[in-house]
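See structure below.
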Amino acid sequence: MSKLKKVIGDVDVNKGLLFLLTIGGLYSLGIALSNTFVNVYLWKQSGKFIDLAIYNLSIVTMQPITFYLAGRLAKKIDRVFILRFGVIFLAAFYLSVLLAGETAASRLVLIGAVLGVGYGFYWLAFNVLTFEITEPDTRDFFNGFMGILSSSAGMIGPIVAGFVISRLENNTGYTVIFSLSLSLFALAVVMSFFLKRRESKGRFMLSKVFGERHSNMNWRRITNAHFFQGLREGIFVFLISVFVFIETNSELALGTFGLVNSAVSFFAYYFASRLIKKKARKKSILLGGLILYGALFLILFHMSFSTLLTYGVFIAIGYPLLLVPYVSLTYDVIGRARHARKARIEYIVLREMFLNAGRIVSILCFLLIVALLKEDVGIPLSLAILGIGHPLIYYFVKDIRFKEKEGENETMEEDGQKRVTEPTLLKGER
C-alpha cells in the first residue's frame with residue numbers, strides 16, 4: 001500500500017474504487033482494440049462520409065433512449081446488472097459486425113443501434129457507480145487515473161490491433177481482435193461481482209430533475225455545457241480516424257496514431273490529476289478548450305499524416321486539461337443539487353441526454369452541410385463550426401458558484417451516514 005501511495009499521492013482509496021477502476025480499464029482496452037477500426041472497416045466497404053455519419057447518428061440516438069430505460073431499471077434492480085447488460089450488448093455489436101462481414105455497410109442503422117444500446121447501459125451504470133463510490137476528495141484522482149488507464153489502453157490497443165489486422169489476410173485479423181475484446185468484456189463482468197450491491201429505491205423523477213434547471217442555475221449551466229461538449233464530439237469521433245486511414249491507407253499507421261496520441265495523453269492525465277487544484281479548475285477548462293479548438297487548424301487547410309500526428313499530440317494535452325476538472329465539477333454540481341441522494345440516477349441520465357443531444361445536432365448539421373456543399377468544402381466548414389463546442393464549455397461553467405452555509409456542505413450516503421463535502425467549486429473523441 002505504501003508503494004501505491006507513492007504513485008497516486010496522498011489519496012485514500014477503497015476496494016470499491018479500485019474494482020471500478022479495473023472494470024473501466026478492461027472496458028477501455030476492449031474498446032481500444034476494436035472500436036478504433038470499426039469506422040475504417042465500414043469506410044472500406046462504403047467509401048462515403050454520409051454513411052459513416054448515419055451509422056454514428058444511430059449510435060448517439062439510441063444512447064439517450066437507453067439511458068432513460070436503464071435509469072428506470074436502476075431504480076428497481078442493482079446497478080451492477082445494468083453494467084452487465086451494457087457489456088453483453090457491446091459483445092453483440094462486435095459479433096454482429098463480424099457476422100455481417102462484407103455486408104456490414106448495408107446494415108449501418110441496426111449495427112449502430114446495438115452499439116448505442118451497449119454504450120447506454122454501460123455508461124449509465126458506470127457513471128452512477130462513480131458518483132456513489134467516489135467522494136469530492138477522490139474524484140479528481142479517480143478521473144485522472146481513469147484517464148491514465150484509458151490512455152494506456154489507447155497505446156496498447158490500436159497498435160496491437162493495427163499490427164494484427166495488417167499482418168493477417170482477409171478479415172482474419174478483425175476476427176482475432178474482436179474475439180480478444182469479447183474476452184476482456186467477459187472479464188469485466190466477472191470483476192463486477194466484487195462490487196458492493198448499491199440498490200436505489202423510489203420512483204423515477206426525471207421531470208423533477210429537468211425542472212431543477214429553472215431553480216438551480218449551476219445545474220442549468222452544467223447541462224448547457226454538456227450540450228456544447230457533444231456538439232464537437234458528434235463528428236470528430238469518427239472523422240479523425242478515417243482521415244488517418246485515407247492519408248496512409250494503412251491500419252498500422254492508424255495504430256501508430258493511436259499510440260502517439262495515447263502516450264502523450266497518458267502523461268497529461270497523470271499530471272492533470274496531480275497538479276490541477278480545485279481553485280484552478282475553470283482556468284484549466286478554458287485552456288483545454290482553446291487548445292482543442294486551436295489544434296483543429298493544424299489539419300483544416302493542409303492534411304497529411306504528419307499534421308494529423310501533430311494534431312493528435314495537441315488534443316492529447318487539451319483533453320486532460322479540460323476533462324479532469326470538468327468531470328469533477330459536474331459531479332460536484334450533482335452532489336449539491338436538490339434530492340441528489342434520491343435522484344442521482346436521474347441527474348446522470350439528464351446529463352447524458354444533453355450530451356447526446358449535442359452529438360445528434362452535430363451529426364445532423366454535418367449531414368446537411370455535406371449534402372448542400374461538396375465534401376471538400378463541407379467537411380472543413382463543419383469542423384470549423386462544430387469544433388467550437390469545447391471552448392464554449394467555459395462560458396457556461398465560469399459562473400458556477402457554491403454557497404458556504406452551515407449544513408450545505410453535507411450530503412447523505414445511501415446508508416444514512418453523512419459524507420462531508422468540501423466547499424469547493426465542485427466531475428469524456430470516444
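Any Cβ shown, glycine's included, is placed from N, Cα and C.
Database features, via Swiss-Prot:
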- 415-430: compositional bias 'Basic and acidic residues' (COMPBIAS)
- 407-430: region 'Disordered' (REGION)
- 18-38: transmembrane segment (TRANSMEM)
- 49-69: transmembrane segment (TRANSMEM)
- 80-100: transmembrane segment (TRANSMEM)
- 109-129: transmembrane segment (TRANSMEM)
- 145-165: transmembrane segment (TRANSMEM)
- 175-195: transmembrane segment (TRANSMEM)
- 235-255: transmembrane segment (TRANSMEM)
- 256-276: transmembrane segment (TRANSMEM)
- 285-305: transmembrane segment (TRANSMEM)
- 307-327: transmembrane segment (TRANSMEM)
- 353-373: transmembrane segment (TRANSMEM)
- 377-397: transmembrane segment (TRANSMEM)
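If one looks beyond the transmembrane segment (49-69) by at least 6 residues along the same chain, the residues whose Cβ comes under 8 Å of a Cβ in the stretch are 39, 42-43, 105, 108-113, 115-117, 119-121, 123-124, 206, 230, 234-235, 237-239, 242, 348-349, 352-353, 356-357, 359-360, 363-364, 366-367, 370-371, 375, 379. When Cβ-Cβ distances under 8 Å to the transmembrane segment (18-38) are tallied for each of 80-100, 175-195, 256-276, 285-305, 307-327, the top count falls to 175-195. Outside the transmembrane segment (285-305) by six or more residues, the chain places 232, 243-244, 247-248, 253, 257, 311, 314-315, 317-323, 325-326, 329, 380, 383-384, 387-388, 390-394, 397-398 with a CB less than 8 A from a CB of the stretch. Nonlocal intrachain contacts for the transmembrane segment (235-255), taken as residues 6+ away from its ends with a CB within less than 8 angstroms of a stretch CB, comprise 36-37, 39-40, 43, 49, 52-53, 55-56, 158-163, 165-166, 299, 303-305, 308, 311, 362-363, 366, 379, 382-383, 386-387, 429-430.
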